[in-house]
Amino acid sequence: MGRSSKDKRDVYYRLAKEEGWRARSAFKLLQINEEFGIFKDVTKVVDLCAAPGSWSQVLSRKLRGNADDGTDVKIVAVDLQAMAPLPGVTQIQGDITKVSTAQEIISCFEGESADLVVCDGAPDVTGLHDLDEYIQAQLLLAALNITTHLLKEGGTFVAKIFRGKDVTLLYSQLKLFFKNVTVAKPRSSRNSSIEAFAVCEGYHPPEGYVPNMMNPLLDLQYDNFNQLTGVNRVIVPFIACGDLSAFDSDRTYPLQLNEGKDYVYLPPTQAPIDPPYKEAIMLKRQNKLAKPEFQVSQVTFSGQCSGSTEKLNSDICDADKSNSEKEELPAVEKLSERQDS
């Protein structure tokens, strides 16, 4: 399969390379902003789980481009992994579940709170939807936890969620802290994916709430929320974001999208920094990657089963011999007919 095959199968992957985005997820944030206007009057932003940096790219281009000189805009990107530098973006390699990370972010804002916090983080999916949904929920609650330390009153929080049967708990927790909670599905997000984005506007924590990193968001009321049905369950608005005439993320497009413009393959904008599979790829290219050897063991029988096994083998041989004789019979008959004629 050629290197252009993914360009045909994923049009947003191709457009991301053509427009200089590090990942196709940049279009998701752009389409969310088109619908909700989350960038309006924003000067301080935190991008959680930022690597490889496509959302930080969008924030840098849109916010620093709107400002007169860009100096008033402060963008902080946080991730456990290293990320290639971006203009106007302060990077912190840290854990979002640690108080020290929250303190470092606040110091970047000189003690002030953020106007917007975004999080596009997701775990490596296993294919088991219930497990993936649970792990993603834990990641979102961790992001919400640190957001309560950083976000100003009335601020906005945008985070990825996996929609499943137990997503009611997430909605209920988010609505405790925000006046408006909406689930958005960008056009660039595949319809086949359970991925969506919670757009939470109007940060307003409960009276007397004191932010801490002890994960107070998972309480014993989960079973009560999970057993509710019908109108008693927490219902939030669902909106499809992006121009409906835009490219379909589930469709395969020809390589030549525009007439008069020939297709040219482009490499990714930013290669991963020291990925864990780097050594394996190098060994594979040098044909030094060890290949597993599989040995087929023979099954032997002992004791009383031996006689039955011998009889079974004898029956199989007789059956094979009988079949071979039946297959040869028509050829012998044809030969005798030719000799008679």
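Backbone N, Cα and C atoms are what each Cβ position is placed from, and that goes for glycine too.
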Candidate from Asp120, Asp124, Asp130 that TrEMBL assigns to the same S-adenosyl-L-methionine site as Gly53, Trp55, Asp79, Asp95: Asp120
For Asp95 (S-adenosyl-L-methionine binding site): DSSP state (helix, strand, coil): coil
Fewest-neighbour residue among binding-site residues, criterion Cβ within 10 Å, set Asp79, Asp95, Asp120: Asp95
Other CB atoms, at most 10 A from the CB of Gly53 (S-adenosyl-L-methionine binding site): 25
Nearest of the binding-site residues (Gly53, Asp79, Asp95, Asp120) to Lys160 (active site, proton acceptor), judged by Cα-Cα distance: Asp120
Rounded mean pLDDT for the residues that make up the domain 'Ribosomal RNA methyltransferase FtsJ' (21-203): 91
Greatest inter-residue Cα distance in Å for the S-adenosyl-L-methionine-binding set Gly53, Trp55, Asp79, Asp95, Asp120: 18
Cβ-Cβ neighbours of Lys160 (active site, proton acceptor) (radius 10 Å): 21
